[in-house]
Amino acid sequence: MRGFNKTTVVTQFILVGFSSLGELQLLLFVIFLLLYLTILVANVTIMAVIRFSWTLHTPMYGFLFILSFSESCYTFVIIPQLLVHLLSDTKTISFMACATQLFFFLGFACTNCLLIAVMGYDRYVAICHPLRYTLIINKRLGLELISLSGATGFFIALVATNLICDMRFCGPNRVNHYFCDMAPVIKLACTDTHVKELALFSLSILVIMVPFLLILISYGFIVNTILKIPSAEGKKAFVTCASHLTVVFVHYGCASIIYLRPKSKSASDKDQLVAVTYTVVTPLLNPLVYSLRNKEVKTALKRVLGMPVATKMS
């Protein structure tokens with residue numbers, strides 16, 4: 001990653017997100033701390049269950065394992081610093097720390113977007129082509145899709161971070177956010193950023209809209225197949241599908257509000273509330289929706305904890 005432009009005269013940023021709330025910052029600290037611990041416990045539990053349950057050593061649960069790992073890292077990049085700033089009068093962050101946070105935040109965020117699209121395709125094959133599932137989604141393809149998601153996500157993050165680091169910052173240094181995100185940092189640049197903003201907008205479309213459309217296509221076929229199943233199993237699958245789509249719409253919808261709009265309408269106070277949705281809420285919901293509601297995961301969790309597991313009588 002290149003350093004900031006040599007003409008930069010600002011040596012640090014001040015993150016002013018939530019500063020106007022005064023004494024309510026202590027309450028926010030408690031709320032975010034509890035949410036963060038819940039996210040960590042849920043995701044670490046999922047990773048441990050998948051790791052120590054040989055029955056879950058399949059591509060589908062491999063995707064869930066990596067998503068849980070990525071979600072844990074994703075929140076680790078943002079929330080610990082936010083917790084410190086909520087209790088401190090000093091809310092500064094150096095250029096290098098800001099660039100590092102931006103890079104890893106974008107890297108894990110992009111990886112998550114791509115992984116969820118991969119998981120949508122995995123569900124499409126499992127439900128629409130069950131007899132061919134193991135032939136299509138084998139372990140080799142699973143590893144390739146995971147590697148491709150991570151490599152693509154961090155490559156996009158590297159390009160985006162370098163584009164922002166090349167901008168000139170020579171005046172205001174108050175970032176109207178609780179972490180270093182693209183829009184509020186770009187707003188502080190004192191040179192024309194139109195061309196670079198266009199490039200960043202193109203990257204945002206690539207990592208948000210393309211996976212979102214692929215997910216909609218996958219789940220369109222899934223819903224069509226499920227509706228043809230006239231049983232309780234079909235209704236249960238439909239409810240599961242609906243819960244997945246709800247989280248998808250919340251995640252990609254909020255991300256679109258922030259990243260797919262003109263600069264003139266960016267970096268407002270409302271953005272901080274929207275950002276909480278995809279930096280805290282969806283990482284909290286994903287383990288519940290994709291894993292902890294899954295029967296096989298719950299059964300494996302009981303076995304890991306040494307709890308009795310009900311078995312069907314023949």
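Every residue, even glycine, has its Cβ placed from backbone N, Cα and C.
Topology note: Phe13 and Asp271 share a membrane side (same topological domain name in Swiss-Prot). Highest Cβ count within 10 Å among the disulfide-bonded residues Cys98, Cys190: Cys98.
The stretches the transmembrane segment (199-218) and the transmembrane segment (101-121) are in mutual contact, each linked to the other by at least three Cβ pairs under 8 Å (pairs 6 or more apart in sequence). For the topological domain 'Cytoplasmic' (48-55), the mean pLDDT of the prediction comes to 88.
Here the transmembrane segment (27-47) does not touch the transmembrane segment (141-161). Their Cβ atoms form fewer than 3 pairs under 8 Å, with each pair 6 or more residues apart.
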